[in-house]
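Trainee: Got these off Swiss-Prot a minute ago, pasting:
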- Ala169, Gly170, Ala171, Gly172, Val173, Gly174, Lys175, Ser176: ATP binding site (BINDING)
Amino acid sequence: MKGIRRNLQKSYLKRCSEMYLRGLKVSGEIVSAKGIYLEAILPFANIGNEVEIQSNSRRIRGEVIGFSGDKVLVMPYEPVFGLRKGDKVLLKNELVSTKTGNGVVGKVVDPFGNPLDGGFIGFVEEKGLELPQINPLYRERIREVFDTGVRSVNALFTLGKGQKIGIFAGAGVGKSTLLGMITRHSKADVVVLALIGERGREVKEFLEEVLGEEGLKKSVVVVSTADQSPILKVKGAISAVVHAHHFASQGKDVLLLMDSITRLALAQREIGLAAGEPPTLKGFTPSVFQLLTRIAESCGAFKKGSITGIFTVLVEGDDISLDPIADSLMGVLDGHIILSRKRAVRGLFPAVDPVRSLSRLMPKLVSEEHFMKANFFKEVLSKFEDVEELVRIGLYKGGSNPLVDKVINNLEKVESFFKQKPEEKVNFEESLKALDEIYSLLK
């Protein structure tokens, strides 16, 4: 009996091999379903190949994510409800791709470049959904300031074109609002915004209230919502990088925004665990940290164009040291803007923490005078922070520290430096002027 089964298997594989070599589509079948992925017999499948699962009532797209013995692991893009053992799996000979080009600017699209409103898109081209490998010698040094349009960021944590930075904060502190301000007010030629794992309700709110009509005009918005397959969330992030590199290759300065890279990590963890990877810190698999590093490294200044990356990072319990994703990204990125819940409660929006935030490239981008004034301001704020509670309950003794006394005497002006309405734009020159005024008050 075993001999008959072995001969049938050899005959099947030979027939599949002939079909594959002749360019015909090879098919197999589902043999089991395990949670969010399927096991199938599918000869000649490669990791990353797209497949189509055909049942009596549905056609579901999916992707090969790994192997287990002689079986192929398939992650469907849609829920597997209604599929059954023996359903046909058709191997597509091409890798997964997305539509990109000028036709998607001003559009809200899925990870494959299809407009979510079902409308028409103009000229586009197909590009594979894979992260680029960038020759380090093709990169240029980052020398030019990137104007975010946000006063506190421009003045105290100046960014450069091609820099990658994270916005770190707990839930509800204003990450998305700050991201929307930078989207609307920055001087980027094209903005690529990836909304990964957002609730469906929040997507519409973000587009209308945070991004706005003006922000959308120069943006490509890639959406993969919380209720979708984890592989679609990962594809959404990769799709955003593909769009960004397409426009950068045309010599444009691109701003790549991702909200949030934490949800991307959670999605990749699901895929990694399903594929049999060993869990490490808090269940995160090795592929999570590799993916985050590759996403971050896709940014930079190139011989043609640049990609400036800003990623929101959801910090568990507002403590970066206890969050493996936040802690890992601190070492991968070129700086961090930390939002403070304490400042948010006091109505200081954007709630940027001036003492803990940092741009590693700032010393190479600004004048010595600018850098000195920014450091002085942060040093003074650090000293004030040490005694702030005493000041607010009336136990601080005036004269203990002359610099702290100056902050107390000018506290309203100091706090107004950080306050900025979402619709208010403050360019780089205006930000420097505001810093000069604060410096003259405190010096």
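Glycine too: its Cβ is placed from the backbone N, Cα and C atoms.
Owing to the predicted nature of the structure, the values given are computational and were not obtained by experimental measurement.
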Trainee: Cβ within 8 Å of the ATP site centroid (Ala169, Gly170, Ala171, Gly172, Val173, Gly174, Lys175, Ser176 excluded): which residues?
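Mentor: Here the non-site neighbours turn out to be Leu314, Leu339, Arg341, Ala344.
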Trainee: When DSSP states are folded down to helix, strand and coil, where does Ala169 (ATP binding site) land?
Mentor: strand
Trainee: Note down the number of other Cβ atoms within 10 Å of the Cβ of Gly170 (ATP binding site), including every protein chain shown.
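Mentor: Its Cβ shell of radius 10 Å holds 17 other Cβ atoms.
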Trainee: Measuring CB to CB from Ser176 (ATP binding site), give everything in the same chain under 8 Å that is also at least six residues away in sequence.
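Mentor: Residues satisfying the criterion: Glu202, Phe206, Val210, Asp259, Thr312.
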Trainee: State the count of C-beta atoms found within 10 angstroms of the C-beta of Gly174 (ATP binding site), not counting that atom itself.
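Mentor: Counting Cβ neighbours of Gly174 (ATP binding site) within 10 Å gives 22.
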Trainee: Would you identify the secondary structure of Ser176 (ATP binding site) according to DSSP, in three states?
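Mentor: In the DSSP reduction, Ser176 (ATP binding site) maps to helix.
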Trainee: Ala169, Val173: which of these binding-site residues has the sparsest Cβ neighbourhood within 10 Å?
Mentor: Val173
Trainee: Taking the Cβ of Lys175 (ATP binding site) as the centre, count every other Cβ atom within 10 Å, in any protein chain shown.
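Mentor: Total other Cβ atoms inside 10 Å, all chains included: 25.
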Trainee: Which number gives the other C-beta atoms within 10 angstroms of the C-beta of Gly172 (ATP binding site), all protein chains shown included?
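Mentor: I get 9 for this one.
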Trainee: Please list residues from the chain of Ala171 (ATP binding site) whose Cβ is under 8 angstroms from its Cβ, counting only those at least six apart in sequence.
Mentor: Leu314
